[in-house]
Amino acid sequence: MALASHKAFTGKSTVPAARSRTTVTRVCCQASSNQRRSFLQHTAAFTAAAAILIGSQPGAIAASLPPQDIKVICDAECSAKLESVPEVSLPSGLKYKDIVVGSGPTPPVGFQVVAHYVAMTPNLRVFDSSLDKGKPYDIRVGAGQVIKGLDDGLLDMKAGGIRRLYIPGDMAFPKGLKAAPGRPAVPPASPVVFDVQLLYIPGLEADE
């Protein structure tokens, strides 16, 4: 929406020299007043339109924003293939799908593992990621260093494997997480999804 211009008047006056100063001042002030009034009208209309959009169509505004460059373990094509992968359900309520079954050892309780993770809301919006931080995460399995769902989901993974964890709310973040720039909030006890890549287990050699 074009707003009123504040460009100064630069036209030459054609009135006699004796009255030139007074006449130009009057015309200038009248025009300036008209510009201010027009500017305020346009600004009010713009503000009202923006308020309506923000209040009633947040999805439309979000859709108009440029896509974020977010690194993922499992991209859209990978996620589509997951539809045909069998889902494993555990008594705790944790569910998972193996994207890649590793060929290395599984981590004993108390052992440290090195893994990449991408944490997402149920609609797969990323709120945390080791990929964005530029280095994998060290986790001592079974020690309660991470949320219960991730801890349990790592226990029977093999090194080299990639897994998508569907973590129920009671095994996720009981207090929730606040939103960050470009990242969604996680409500208290909300289900979350984790993609995990178990890189290796220090001290344990991969199976030959």
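Placed from the backbone N, Cα and C atoms, the Cβ positions cover glycine too.
Whatever TrEMBL says is automated annotation, not expert-curated.
Because the structure is a prediction, the values reported are computed rather than measured.
Per TrEMBL, the feature domain 'PPIase FKBP-type' maps to 110-202.
Averaged over the domain 'PPIase FKBP-type' (110-202), the predicted model has a pLDDT of 96. Residue counts for the domain 'PPIase FKBP-type' (110-202) under DSSP (helix as H, G, I; strand as E, B; rest coil) come to 14 helix, 36 strand, 43 coil.
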